[in-house]
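Below is one structure, written out as C-alpha cells, with a few remarks after it.
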Amino acid sequence: MKRLFNGRPSTGRVVTRVAARRRGRGRVVRGAVGAIVLAGAALGGTAVPAAAAAQEYVALGDSMASGPLIPDITGPIGCGRSTHNYAHELASRLGAALRDVTCSGAKTTHMTQSQSTSVGGVDTGTVPPQLDALTASTALVTLTIGGNDVGLVGIAQDCATLDPTATPCKGEFEEQVAQRTRDFGPKLSAVLDGIRARSPKARIVVTGYGLYIKQNGCWPVQPVLPTDANFLQGSVNAMNDVIRQQTTAHGGTYVDLVTPSAGHDACQSSSRRWVEGYVPVHAAAPLHPNAQGEAAYAAVLGGVLGA
C-alpha cells in the first residue's frame with residue numbers, strides 16, 4: 001500500500017480539492033507463501049516481500065465528526081458514532097486501520113478525561129479519554145473539536161424564532177461566544193501537544209466546521225432571523241480561525257470545510273444539503289452533517305491526503 005500520510009506536514013495549508021479515487025488492498029494467500037519463497041530461492045534467491053500492514057488511523061472529535069443518527073451506529077450508543085461518518089469513509093479511501101473514538105458532546109477536556117454520555121437524558125455510561133486511543137505507531141490523526149467548548153448548537157437552538165418581529169438573539173450571546181472562543185485557543189493548543197506527545201510520527205489533520213447557514217439565512221425555512229443567521233455562522237467562522245491558527249502553529253494540517261460547503265447549507269433543497277436544519281429531513285441530528293455531508297468531508301480530506 002502506498003504510504004499516504006507518514007510524517008509531519010511542513011505547513012498547515014488549507015486544501016479543498018475533492019478527490020474521488022479509491023484504493024484497494026492486496027490479498028495474501030498465506031498457505032502459498034512458503035512455497036513461493038522456496039521457489040524464488042531456487043530460481044535465483046529473489047525474496048517475496050511481505051504485504052504492508054494497514055497504517056493506523058485514529059479519529060478524534062465531537063458529534064460533527066461522529067455523525068449521530070446517521071445509520072448505522074457503532075460503538076457506545078451515547079457517542080452516536082456512525083459507520084458512515086467522515087472517519088469511516090476516509091479510512092475506506094485510504095485502506096487504513098481505523099480506531100474511531102469520536103463522541104457526541106465531546107469537549108477539549110474529554111481528550112484527556114473520561115466523558116459521561118447519555119441519550120434523551122438517560123445515562124449511558126462513560127467513555128475513556130479520547131487520546132488514550134493514540135499510540136506511538138499511529139500514522140494519521142484527524143480531529144474535529146470546539147463546537148461544544150463554544151456552545152454553538154445550544155445557542156443556535158436558543159436563537160430560533162417564528163416571530164419575524166422578535167429581537168435578534170445576537171445581543172444576548174455575542175460577548176459570551178466571543179469569550180468562549182478566546183478561551184478555546186489554549187485548550188486546543190494543549191490537545192495538539194497531547195496528540196504529538198503520544199504519536200510523534202503521526203500526521204495531524206484538524207478540520208474546521210462547515211457552512212451551516214448562508215448569509216442572511218432563509219427565515220422561516222430555518223427559523224432564525226437574518227441578523228442571527230449571520231451572527232451564528234460568523235461565530236463558526238471565528239472558531240475556525242482559532243482552529244486554523246492553533247493547528248498551523250503546532251505543525252498540523254488545517255482543513256477548511258466552509259469553502260467546499262458553499263451551496264450545501266441548511267437553506268438548500270434536501271438533495272443538496274450537507275447539514276440538517278432545525279428539523280432534519282434526513283437521518284441525522286438537527287444542525288449537524290448528514291450522510292451526504294460526512295461523505296463530502298471525507299472526500300475533502302481525501303484530497304488533502306492524496307486518496
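Glycine is treated like the rest: Cβ placed from N, Cα and C.
Automatic prediction, not curation, is the source of TrEMBL annotations.
Annotated features, as they stand in TrEMBL:
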DOMAIN    59-295  domain 'SGNH hydrolase-type esterase'
ACT_SITE  SER63  active site, nucleophile
DISULFID  CYS79-CYS103  disulfide bond
DISULFID  CYS159-CYS169  disulfide bond
DISULFID  CYS218-CYS267  disulfide bond
ACT_SITE  HIS288  active site
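Put simply, of the recorded positions CYS103, CYS159, CYS169, HIS288, the one whose Cα is nearest the Cα of CYS218 (disulfide bond) is CYS159.
Its Cβ placed at the centre, CYS267 (disulfide bond) has 22 other Cβ atoms within 10 Å.
When pLDDT is averaged over the domain 'SGNH hydrolase-type esterase' (59-295), the result is 98. Under 8 Å, Cβ to Cβ, and six or more positions away along its own chain, CYS169 (disulfide bond) finds ILE155, ASP158, CYS159, THR161, LEU225, ASP228, PHE231. Looking at CYS267 (disulfide bond) and HIS288 (active site), their Cα atoms lie 13 Å from each other.
Summary: among the disulfide-bonded residues (CYS79, CYS103, CYS159, CYS218), the fewest other C-beta atoms within 10 A of the C-beta are counted at CYS218. In terms of Cα spacing, the recorded positions SER63, CYS79, CYS103 that come within 10 Å of HIS288 (active site) are SER63. Long-range Cβ contacts of SER63 (active site, nucleophile) within its own chain (separation 6+, distance under 8 Å): GLY80, THR102, CYS103, SER104, GLY105, ALA106, GLY147, ASN148, ALA285, HIS288.
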